[in-house]
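What follows is a short report on a single structure.
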Amino acid sequence: MSDLYCVFGNPIAHSKSPAIHAAFAVQTAQDLRYEARLAALDGFGLAIAEFVAVGGKGANVTVPFKEEAYRLATRLSDRAARAGAVNTLVFDGPEVFGDNTDGAGLVRDITNNLGFSLVGKRILLLGAGGASRGVIAPLLAEKPASLIIANRSADKAVALAQAFADMAPLGGGSFAETAGKSFDLVINATSASLSGASLPLPPGIFAPGSLAYDMMYGKGETPFLTLARQQGAARCADGLGMLVEQAAEAFFVWRGIRPGTAQVLAELRAKLVA
């Protein structure tokens with residue numbers, strides 16, 4: 001019988017993960033099934049128990065359950081412990097192993113797919129929520145020159161910077177406090193693009209040759225990327241590649257095989273803009 005995997009979320013009907021993992025399974029000749037499962041907002045633990053009871057081997061976790069998955073895990077990877085959130089679970093008897101592949105997915109998309117080295121770069125990370133926390137350690141591992149966190153409420157950005165101060169001296173402050181500085185990479189980890197909102201970014205933050213990266217994606221250009229282009233970003237990229245790369249990393253955690261991502265990403269992109 002095929003090994004069973006799934007993604008938990010609420011909502012979840014929009015998820016591209018089943019199609020991505022089905023493509024990975026075919027490509028790597030792995031015998032598995034992967035489905036989307038809706039968990040009640042107050043019933044994530046029960047949904048996990050029911051899935052394990054029917055033979056579930058592992059699961060991805062998306063909004064709004066990543067922090068709850070972190071608390072539910074009996075063992076954590078270093079990157080999940082750092083992130084304070086879990087997006088990948090492995091079920092092995094009574095043990096629940098929690099991992100976080102978001103940061104690895106982001107870094108691999110930027111460095112491999114986009115060919116943009118992070119070594120020695122000045123990085124601005126917009127947002128101080130869970131999406132930002134999950135990617136800071138993997139970004140710092142690439143040895144950038146600096147990493148500054150900016151947020152609407154400066155105190156949250158400062159607190160997040162302090163949480164990773166043992167890894168590198170990070171900066172934290174408000175969006176307005178980035179005025180007069182320029183960056184090689186600006187990453188939008190806020191949810192502003194979901195609501196169609198634009199961020200109050202001061203002009204001049206995009207250095208020559210800079211990359212603007214939005215973790216969100218959609219049929220058209222996100223408001224952040226439109227603003228970035230207007231303000232002089234040399235290159236713009238959305239988060240579809242990050243989605244595929246974090247899925248590939250989760251597939252590797254489960255199966256020990258790293259699938260290729262180029263064709264899967266190209267097919268998803270074609271469907272998105274069709």
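Just so it is clear, glycine is given a Cβ too, placed from its N, Cα and C backbone atoms.
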(message) Going by the shikimate site in Swiss-Prot, where Ser15, Lys16, Ser17, Thr62, Asn87, Tyr217 are listed, which of the candidates Asp31, Asp42, Asp102 is also part of it?
(response) Asp102
(message) Restricting to the recorded positions Ser15, Thr62, Lys66, Asn87, Tyr217, which ones have a CA within 10 Å of the CA of Gly130 (NADP(+) binding site)?
(response) Lys66
(message) When DSSP is mapped onto helix/strand/coil, what comes out for Asn87 (shikimate binding site)?
(response) coil
(request) Rank the binding-site residues Gly127, Gly130, Gly239 by the number of other Cβ atoms within 10 Å of each Cβ, and give the residue at the low end. (result) Gly130
(request) Please report the DSSP secondary structure of Asp78 (NADP(+) binding site), reduced to three states. (result) helix
